[in-house]
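Worksheet: one structure, shown below.
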Amino acid sequence: MLEEEEAKNIANHKGVVSVILNEAIPLHTTRSWEFLGLENQTDGTVPSGSIWEKAKFGKDTIIGNIDTGVWPESKSFSDHGLQGSPDKWKGICQNKADPKFKCNNKLIGARYFNQGYLAVAGSEAKSTPNLNSPRDTDGHGTHTLSTAGGSAVAGANVFGFGNGTATGGSPGARVAAYKVCYDAGCFGADILAAFDAAISDGVDVLSVSLGGTSSSYARDVVGIGSFHAAMSGILVVASAGNSGPTPSSVCNPEPWIFTVGASTMDRSFPRRAVLGNKKHYEGVSVSPYRLKKGKFYPLISGASAKLNNASADDAELCFPGTLDPKKAKGTIVVCLRGVTARVDKSNQARLAGAVGAIVANDKSTANELVADAHLIPATHVTYEAGLAILNYLNTTRNPVARISNGKTVLGVKPAPVMAAFSSAGPNPLTPQILKPDITAPGVNVLAAFTGAKGPADIEDDKRKVPFAIMSGTSMSCPEVAGVVGLLKTLHPNWSPAAIKSAIMTTAGVISNSKTPIISSTGSKATPFNYGAGHINPNAAADPGLVYDTKPADYGLFLCAMVEYNATLIKDVFNVKTTCSKGGLTLSNLNYPTITIPDLKRKATVTRRVTNVGGGPATYKASVAAPAGFSVTVQPDTLKFEKDGEEKTFKVTVQATGKTATRGYAFGQLTWSDQKHLVASQIVVKNKLGKKIH
């Protein structure tokens with residue numbers, strides 16, 4: 001690694017394109033498959049129309065995972081019934097320093113990369129557990145890899161919650177772990193090395209539940225690694241980030257990355273907070289601890305339970321060292337969400353002698369509820385519930401409360417609901433490409449866990465569990481990667497872009513309540529939240545048409561960006577291209593969605609579709625135009641004579657005199673042959689920002 005002055009000197013040398021900072025990139029963190037229609041919700045059997053059956057459960061597809069490593073002893077990586085490794089596999093099991101780490105015919109490879117981490121951490125890195133091993137002591141990588149391609153494990157649960165069979169999206173796949181993340185983060189040099197290894201090893205799909213902000217594609221290590229993977233026929237599925245719902249917070253925005261947002265499924269783990277006035281408020285929790293049945297306890301806010309030397313602002317958030325045991329002992333403490341982890345807040349109440357805790361959302365997280373494995377009887381309630389509880393507490397002479405026992409409930413409506421933490425668009429680097437691309441279940445996902453620490457992810461948690469419930473776009477990312485694995489088995493000759501298109505154009509925007517998908521605040525969500533929509537794996541198996549993007553298209557796309565030229569593109573992305581004037585515009589990349597962020601009265605974009613429906617077909621276009629805009633499609637009928645045939649069409653968007661909006665508007669283009677529905681989101685913003693006459 002280079003010192004800062006050395007980096008500056010090298011950057012000035014002729015022939016050096018750029019020097020990328022080796023910085024830390026954050027990790028982003030099972031009912032899912034029933035909810036997504038892969039198995040029957042009544043008896044768990046696999047219906048004949050399930051992509052699981054069609055794709056033989058992802059048989060022999062190889063899914064790689066760039067993350068914190070893997071806990072190989074987990075039953076989710078059992079190789080029962082599997083023989084050998086696929087012939088194309090060239091990887092290794094890097095276990096010289098950890099002989100107890102064993103790969104098998106399921107977990108066919110595991111590597112670790114730590115040179116970037118060592119360069120930053122120095123001598124402090126020597127104390128890092130399992131530094132020279134792919135073993136996962138964090139839990140994140142084990143959870144994500146098992147979600148994507150774990151074997152079926154019956155009787156999986158967390159303290160009795162969510163009991164059932166845990167399985168990955170491609171349970172018949174082989175899996176490989178690439179460890180790049182340590183205590184101090186996931187460093188760029190290690191991430192790029194992992195991408196190189198995974199490509200060389202022969203993976204089919206890469207799941208990457210990490211990412212950071214970047215000012216340029218040329219400085220984004222995940223983007224660069226993903227580009228090389230795409231050029232090698234590997235689709236990279238990556239998390240959108242957990243900085244939502246702030247606009248333009250989405251990370252991994254490159255068009256060759258499959259960027260995944262997070263939403264809920266129809267399962268919950270309710271636990272009520274019952275007040276002395278007989279009002280009750282439903283929260284969630286997977287804490288195994290219980291209070292005495294029917295007994296009420298004194299209720300106190302964190303601010304009222306503060307130590308004399310602590311501020312009320314810190315104490316209401318239940319920060320470490322702010323609660324007075326003399327005041328908190330024997331009570332249920334109300335802690336406000338924010339800054340510190342939810343489980344740490346309830347643990348601070350426990351350390352102060354409280355018998356229970358209620359963690360209440362702030363306004364930004366609204367109705368988003370996450371089921372945590374608290375070390376005390378506790379529940380996590382909405383913002384509105386928190387306001388009501390605090391109002392009762394502050395207007396009652398002797399406020400009391402109790403916390404009911406928890407349980408598992410299925411069939412919750414509406415679902416999906418977008419998670420408040422799920423990072424949102426518009427795309428911060430190229431707003432002409434809609435991001436995220438898709439949403440999938442990422443809230444309260446149950447999957448395999450490390451045996452090295454407790455599920456609460458705090459030092460005081462000494463419990464060990466084989467499965468844990470986690471939330472984040474880190475969890476939704478491998479859900480999609482698992483489906484990609486199925487499609488790779490079912491359609492081995494499809495390109496990464498074709499697989500991505502199949503999932504995007506068959507996605508849905510309607511919940512199980514038959515109403516539009518909403519945000520955590522209850523407002524209608526938009527494509528900036530869910531991209532193309534919520535994943536529908538069974539429909540993706542037979543999309544009818546796909547928007548295929550060729551490697552050369554990405555080169556022309558980069559050419560259309562002001563800061564790039566052919567030399568830079570060759571040096572950074574290793575793609576030869578000619579950047580000529582009048583070439584591809586950013587909005588004209590053959591993408592499954594259409595985004596025009598700078599409309600000047602009128603604009604026309606071109607798209608190309610490939611028939612994959614199995615034979616001759618005629619598709620007709622229908623349009624739900626964005627409010628204030630007209631949309632025309634030319635031609636509006638596409639007649640295909642054979643499978644594999646390509647057709648090109650143009651979409652013209654024009655502002656009408658009915659709008660004065662300065663924001664974005666949303667619509668949809670759908671192609672149909674009476675058998676398939678091929679949908680593309682249309683996102684447009686009038687650059688003039690005023691009424692068009």
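Sequential numbering from 1, following the chain as shown.
Every residue, even glycine, has its Cβ placed from backbone N, Cα and C.
Noted in TrEMBL for the protein shown:
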DOMAIN    58-533  domain 'Peptidase S8/S53'
ACT_SITE  Asp67  active site, charge relay system
ACT_SITE  His140  active site, charge relay system
DOMAIN    314-389  domain 'PA'
ACT_SITE  Ser474  active site, charge relay system
DOMAIN    588-684  domain 'Subtilisin-like protease fibronectin type-III'
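Taking the features listed in TrEMBL, we show where each one sits on the structure.
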residue	record	Cβ within 10 Å
Asp67	active site, charge relay system	29
His140	active site, charge relay system	25
Ser474	active site, charge relay system	32
Three-class DSSP secondary structure - Ser474 (active site, charge relay system): helix
Cα separation, Asp67 (active site, charge relay system) to Ser474 (active site, charge relay system) (Å, whole number): 10
Three-state composition of the domain 'PA' (314-389), taking helix and strand from DSSP: 24 helix, 17 strand, 35 coil
Number of helical, extended and coil residues in the domain 'Subtilisin-like protease fibronectin type-III' (588-684), per DSSP: 1 helix, 61 strand, 35 coil
Per DSSP, three-state class assigned to Asp67 (active site, charge relay system): strand
Across the domain 'Subtilisin-like protease fibronectin type-III' (588-684), average pLDDT on the 0 to 100 scale: 94
Rounded inter-Cα distance in Å - Asp67 (active site, charge relay system), His140 (active site, charge relay system): 7
